[in-house]
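Marked as transmembrane segment by TrEMBL: A:6-29, A:41-62, A:126-144, A:175-195, A:207-229, A:249-265, A:274-293, A:313-331, A:352-374, A:394-413, A:448-468, A:492-511 (among others). According to TrEMBL, the domain 'Cytochrome c assembly protein' annotation covers A:89-295. Taken from TrEMBL, the feature domain 'Cytochrome c-type biogenesis protein CcmF C-terminal' applies to A:315-635.
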Amino acid sequence: MIAELGHVALTVALMVALLQATVPLWGAARGDTGLTGFARPAALVQFGAVAIAFGALTHAYLVSDFSLVNVASNSHSAKPLIYKLSGVWGNHEGSMLLWVLILALFGAAVAAFGGNLPDGLRARTLAVQAMIGVGFLAFILFTSNPFERLSPAPIDGNGLNPLLQDIGLALHPPMLYLGYVGFSTTFSFAVAALLEGRVDPAWARWVRPWALAAWTMLTAGIALGSGWAYYELGWGGWWFWDPVENASFMPWLAGTALLHSAIVVEKRGALKSWTVLLALVAFSFSLLGTFLVRSGVLTSVHAFAVDPERGMFILGLLAVAIGASFILYAWRAPSMEGGGMFRPISREGGLVLNNLLMSTAAATVLIGTLYPLALETVTGEKVSVGAPYFEATFVPIMVPMILALGVGPLLAWKRGDLAGALGRLWVAALAAVGIGLSVLYLRGAPVGAAIGFGLAVWLAVSVITEWAERVRLFRIPLGQSVARALGLPRSAYGMSLAHLGVAVFIMGAVGETFFSSEVVRFAGPGDRIEIADRTLTFEGVINRNGPNYEAEVGVFVLPSGDRLESERRFYPVEGQRTTEAAIRSRPDADVYAVLGEPAGDGRWTVRIYVKSLVMWLWGGCGLMVLGGLVSLADRRLRVGAPGPRRASWRPAHAGVGDAD
Amino acid sequence: MRRLLFLLPLAVVLALVGALAWPILEGRDPRALPSVLLDKPVPAFDLPGLAADTGGLHSDELSGRPVLVNVFASWCAPCRQEIPLLVQLSAEGVPIYGIAYKDEPAATRKFLAQLGDPYRGVGVDRDGRIAIEFGVYGVPETYVIDGAGRIRHRHVGAVTEDVARRTLLPLLEELSK
């Protein structure tokens with residue numbers, strides 16, 4: 001009964017979305033505020049209806065209602081409660097419902113917090129948001145109904161893939177979706193602006209918080225996914241350049257470019273059509289990702305069930321949404337140029353460089369992801385483009401990026417002084433070269449590692465220098481510096497934190513890549529395993545049962561007395577095995593132990609890794625997310641804040657606080 | 001000229017959509033896992049039946065004419081989903097044999113009694129040994145065996161209307177010629 005209620009609620013949501021997609025547009029075209037006013041309540045009702053549907057499916061999972069195909073195929077009564085809950089989005093239908101829920105949530109958020117938006121822009125934005133909703137609600141109702149019944153109902157369910165029974169999966173998809181569905185909002189704003197034929201600094205200021213929010217959550221979502229791969233897949237990798245990872249990474253790159261180019265629109269009124277294009281592209285990448293995951297055209301660890309019909313439906317949606325928006329773009333964008341002029345060496349110039357490099361990086365990833373598909377279509381040959389391609393193309397793009405990232409924030413708007421900026425960065429340059437050389441000669445590390453660490457240090461010291469310049473540290477009395485530091489806008493701190501996060505992340509990535517070691521061997525109880533100046537003692541294997549699995553636990557002891565317990569789990573319901581790595585994290589390195597197969601003579605295959613600086617990877621991502629949050633908390637950017645000051649969009653403290 | 005530049009993104013999107021639609025329209029399955037035993041004879045086996053008084057399944061029964069071999073289990077939801085279609089195909093005269101993979105015979109009997117029994121014969125593969133010889137990844141899987149007893153096609157996952165009409169039946173028909 002509750003499931004049917006959910007189905008009805010979805011249908012209602014589709015109807016409301018249809019109205020929301022049309023009525024406000026008509027109203028905006030005729031200047032009828034009665035009709036445009038329909039958009040806000042409609043967005044809230046649509047969200048309410050989708051929330052009811054989502055609640056109904058969640059209920060079915062919690063009470064293990066196996067009369068639903070979806071629940072029977074993906075859940076089991078013996079599963080722990082948290083995984084019954086996360087099972088709701090651990091499958092195609094449920095995750096689509098989550099997708100639509102978040103889409104509607106963003107629509108409702110624009111309706112709720114967009115009180116200060118001009119009536120027409122808000123109505124059009126919400127109408128576009130609803131159009132996307134119509135497409136995806138129809139997709140769910142016609143091809144992926146999560147409320148389909150199964151008769152007769154089985155006594156128990158099929159269980160959830162044990163790899164997915166993990167706290168990482170409980171959090172990763174919702175966070176990731178918040179991120180990449182979040183870009184639907186900037187997409188809707190961009191289409192609305194194209195419909196109005198007007199992009200101005202005020203528009204950029206309304207869009208930026210949404211872009212920032214989506215970016216922040218996408219960063220967190222990708223980091224969670226990466227972390228899940230690191231500890232759950234059991235071989236210590238954290239990024240595989242898997243097509244689906246790339247699918248989440250491309251919107252991130254486009255979104256990062258968007259965040260930065262929107263600043264130029266906001267501050268200087270330039271780069272308008274480019275910014276609009278980025279807003280369209282960021283969400284197009286999200287749609288492409290959704291398609292790649294669900295159509296099964298690419299093979300991936302993440303792919304859902306292959307179903308050509310669903311694939312065609314999403315491709316159709318993608319073609320209509322992106323195609324229509326780009327037609328609109330080709331029609332309207334040429335007339336929206338103008339704005340402030342600037343020299344190549346200037347803050348704007350730096351942001352343009354950022355945009356060029358980010359877009360190139362996104363294109364590189366796109367080509368690498370789709371190339372196997374194109375080649376197979378043309379020649380029928382199956383190839384796999386792996387990490388070597390991405391490392392050879394993506395990494396070189398990041399080198400100039402990081403170099404420029406250190407300088408950019410020190411340049412002035414309009415016309416910057418490169419020599420002056422570089423002059424102020426002598427400490428950073430010295431530190432970078434010093435670290436690079438010492439890594440090279442003292443540790444005998446490869447050149448790549450030296451360059452990587454050098455870049456990270458360059459960036460970190462540059463960020464600190466920029467902050468010190470702002471508060472005029474050591475040039476004026478300390479008390480005044482502190483006062484200045486407290487007076488800096490949060491968006492400035494947000495920028496510094498995020499950029500610092502990039503530096504910390506690079507430290508981690510370089511450390512993990514170049515300084516990790518690995519030992520694979522047979523070990524019996526009492527054996528000592530030497531790795532990277534450490535000695536582990538293998539104590540043997542004991543049996544231990546979990547709530548829905550049986551486990552063999554391999555116990556390793558470090559000299560410090562720390563115990564690492566790696567499990568080999570067998571899930572009888574699903575008939576599958578998983579391996580749980582045991583990880584002891586420290587700032588210098590993680591010790592990562594995995595119990596493998598028994599050798600038959602009382603010994604076991606064990607794999608031990610020492611992974612350098614892995615904590616820095618997560619720390620770097622954490623800093624980027626923190627930077628996003630701090631920046632979002634800036635009074636000036638707070639959602640809805642712009643309102644009354646619409647006419648005077650230029651920020652009051654244009655001289656100091658404009659570096660976000 | 002400048003307008004053309006603004007049409008560029010659209011052109012890229014159109015090319016992309018075309019490239020993505022192609023494999024789907026062609027009906028290509030990137031996850032097609034050609035069986036390692038493709039075009040090899042089916043492994044020899046002699047499996048017991050579901051009950052003491054019913055016959056089992058012997059590999060010799062599979063040769064003589066093209067047949068389908070379906071590996072299934074009562075504990076698998078996609079199997080539950082595909083059974084009605086298999087029953088229908090069986091009624092249309094398609095010979096289907098079943099291998100009950102890692103399952104209690106009692107549970108299998110109940111499963112077939114509930115949903116219908118499409119199989120000409122069912123062999124019980126309690127420990128999954130024979131399935132391993134077939135190269136089974138997971139249930140359900142369906143194999144097309146030709147008249148000479150060779151494996152000619154392998155389908156992973158539930159058989160859908162689409163798979164049956166577009167792949168399995170045409171292949172069976174071609175093999176019967």
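These residue numbers are counts, starting from 1, taken along the chain as shown.
Glycine is no exception: its Cβ is also placed from the backbone N, Cα and C atoms.
Caution: TrEMBL annotation is automatic and unverified by curators.
Counting C-beta pairs under 8 angstroms (sequence separation of 6 or more), the transmembrane segment (A:274-293) fails to reach the transmembrane segment (A:6-29), with fewer than 3 such pairs. Here the transmembrane segment (A:492-511) touches the transmembrane segment (A:394-413). Their Cβ atoms form 3 or more pairs under 8 Å, with each pair 6 or more residues apart. Long-range Cβ contacts of the transmembrane segment (A:175-195) within its own chain (Cβ-Cβ under 8 Å, at least 6 residues beyond either end) map to 25, 28, 95, 98-99, 102-103, 106-107, 109-110, 121, 124-129, 132, 203, 206-207, 210-211, 213-222, 224-225, 248, 251-252, 255, 258, 276, 279-280, 282-286, 289, 325, 328-329, 331-333.
Same-chain residues lying 6+ beyond the ends of the transmembrane segment (A:313-331) with a Cβ under 8 Å from its Cβ atoms: 131-132, 135-136, 139, 142-143, 187, 190-191, 194-195, 273, 276-277, 280, 284, 287-288, 290-291, 294-295. The transmembrane segment (A:126-144) makes contact with the transmembrane segment (A:6-29), as judged by at least three Cβ pairs under 8 Å among residues 6 or more apart in sequence. Mean model confidence for the domain 'Cytochrome c assembly protein' (A:89-295) is a pLDDT of 89. Long-range neighbours of the transmembrane segment (A:41-62) within the same chain, counting only residues 6 or more positions beyond its ends whose Cβ lies under 8 Å from a Cβ of the stretch, are 2-3, 5-7, 9-10, 12-13, 16-17, 19-20, 23-24, 68, 70-71, 75, 81, 84-85, 87-88, 94, 97-98, 100-101, 104-105, 107-108, 110-112, 126, 129-130, 133, 137, 146-147. Among the stretches A:6-29, A:207-229, A:249-265, A:394-413, the one making the largest number of Cβ pairs under 8 Å with the transmembrane segment (A:448-468) is A:394-413.
Only residues 6 or more beyond the boundaries of the transmembrane segment (A:207-229), in the same chain, are considered here, and those with a CB under 8 A from a CB of the stretch are 106, 110, 166, 168-169, 171-173, 175-180, 182-183, 185-186, 189-190, 237-240, 245, 248-249, 251-252, 255-256, 258-259, 262-263, 266, 279, 282, 617-618, 621-622, 624-625, 628-629, 631-632, 637-639.
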